[in-house]
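Among the features that Swiss-Prot reports, transmembrane segment is placed at 28-48, 73-93, 109-129, 169-189, 262-282, 315-335, 364-384, 393-413, 461-481, 526-546.
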Amino acid sequence: MTAAHKQKAKLLAWLKLILWGDSISQRIFHFYIYCILLGAVLLFLPFALKTDYQKVISYEVDLQGHTISKQTASYGFLDALFLAVSAFSDTGLSTTVVSETYSVFGQTVLAILLQLGGIGFVVIAFLVWRLFKLHKKGKYSFYEKLMLQSERGGSKLGTTSEMIVVSVLFLFMVELLYGFLYTILFYFIPAFESASVFQSSGKVSNQLKALIVDSTKRLPVVHNLNLAFQYGFFHSLSAVNNAGIDLLGANSFAPYRTNWGIVIQWLAISQIIFGGIGYPVLFDAYEAIKKRRLYGKYYKHQFSLFTKLAVLTNLIVTAWCFLMLLMVEFIVITSLTNTIAHLNVEKAYLVEGLKNKSNQELQSLIFGPIPAASRVMQLWFGVISSRSAGFSVFPWSAESDIIKGIMVIAMFIGGSPSSTAGGIRTTTLAVIFLTLKAKFRGQKEVKVFKRSIDGQTVINAFLVAVFGLVSVVLIAILLPLSMQQPLSFVDSLFETTSAFGTVGLSSGATKIMALEPTRNLFNYLTLGLLMIMGQVGVSSSVLTFVKKHPQGNSFSYPREDVKVG
């Protein structure tokens, strides 16, 4: 082979590596990038927007539902790219109010992106391939199974394709059923636009400025069958895929925070759990039900270690976060409930129509007819949503730093592997705690449920946690540097953890970024990278840049201990 041919072959190899990748992790990563770029281009088209390249960042209405302020800015490709990343990674962070900025076409593009990202691009490609090109006797190549296992599979390669089919069909059925339920509820439930409690120019804390009550203006979806159908299925897709993107306005699910709106909250909670628990858990449950019907009531199914760890850790983390929030909210003197119960001079800055209300009446308007019970439900919905969904029934900028700190922990952990959720994942946390437990007890192996966990899995768990923590904290430190408005470290950490956990809850930092996209280019890109990392998983993100055949693996040096700690 001549030098010219060698040079050409080397160039083609480099192009293949850059455009296609060398390993399975790299190829999946490339697929994701191409989907995001295509989505960004579609979202940047003029007919994807309601107005001529203008975005609505936020707006406020008074108690009568009249718009008293609307924050707008020029819409650029950075906004389209950021939302495409957010939708495909099923995060929900946005520099715009989606319902006010995007047309039906734009909203349809978002729905497709969040479906592709949630179910899995490779998984959907596999299902389409299976539908239109039948394999002989249902056999699939080893490489195809590896691709599926890498994106959404479990530990058993042999059952991967069956697990994918069962889990995705179940989630599609849930999306369809819940879509009709949402349609009925959105049509009939009287929901109203959210109005501010305090004057925006009032000398009160940002926490109090974020408080909202219902105005007298009904949402356009009420008694509008076309919109109810559109909203119903969009939010069904968004909830199952743990996306957190909504069409309800500037305050997410806040219009449904009380009364009959609680039914919608419970529907969303169940969908969030279905989408975030993991494909292996869904398949394990399917196998248990199928075999129990086949062999009778005396059959005892042996659930996998993954299922046991994922379900148990999910329950423990959710219960811990919820109890901590309850303690803070009803015991700590600086909690939001106590703050509203003891308002004094701040009452002078209430909006017209609320100035003569007592503190008790204000609590009822803000939280609901039974304030304590409604507040408990709001916190419960917040805990479930913080695991990866991103819907909110209350502005998180109104919460105290202590509550935000608890939510940061929940968002950082995230949901289960092989699901629509992000974060370090529940099984990672379980392996870390089990390793610490074994170390303190002097045990040589990490054991749980009569099984031993492989040493490499332990190393991977600590790698994922440390890499994720360093990334989130480092970007949280850098995030406020280019902001044109002050941003506390807690709010910055809340935003970066929300991106990494693919949650979508916001403390307001994303809206500040939206005012000057060019100035905040670094923040756009770093939050986008965190969202992709959270979606793909830290392990896969790191593996994307790992050499396939690294030098130095063919030999080893003599070992020597190093004192640590």
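Using N, Cα and C of the backbone, Cβ positions are placed for all residues, glycine too.
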Taking 73-93, 169-189, 262-282, 364-384 as candidates, which has the most Cβ pairs under 8 Å with the transmembrane segment (28-48)?
73-93
Counting Cβ pairs under 8 Å to the transmembrane segment (364-384), which of 109-129, 169-189, 393-413 comes out on top?
393-413
So if I exclude everything within five residues of the ends of the transmembrane segment (393-413), which remaining residues of that chain have a CB under 8 angstroms from its CBs? That is, six or more out.
206-208, 210-212, 251-254, 256-257, 261, 265, 317-318, 321, 324-325, 328-329, 332, 334-336, 378, 381-383, 386-387, 423-426, 429, 468-469, 472, 488, 490-491, 493-494, 497-498, 500-501, 503, 505-508
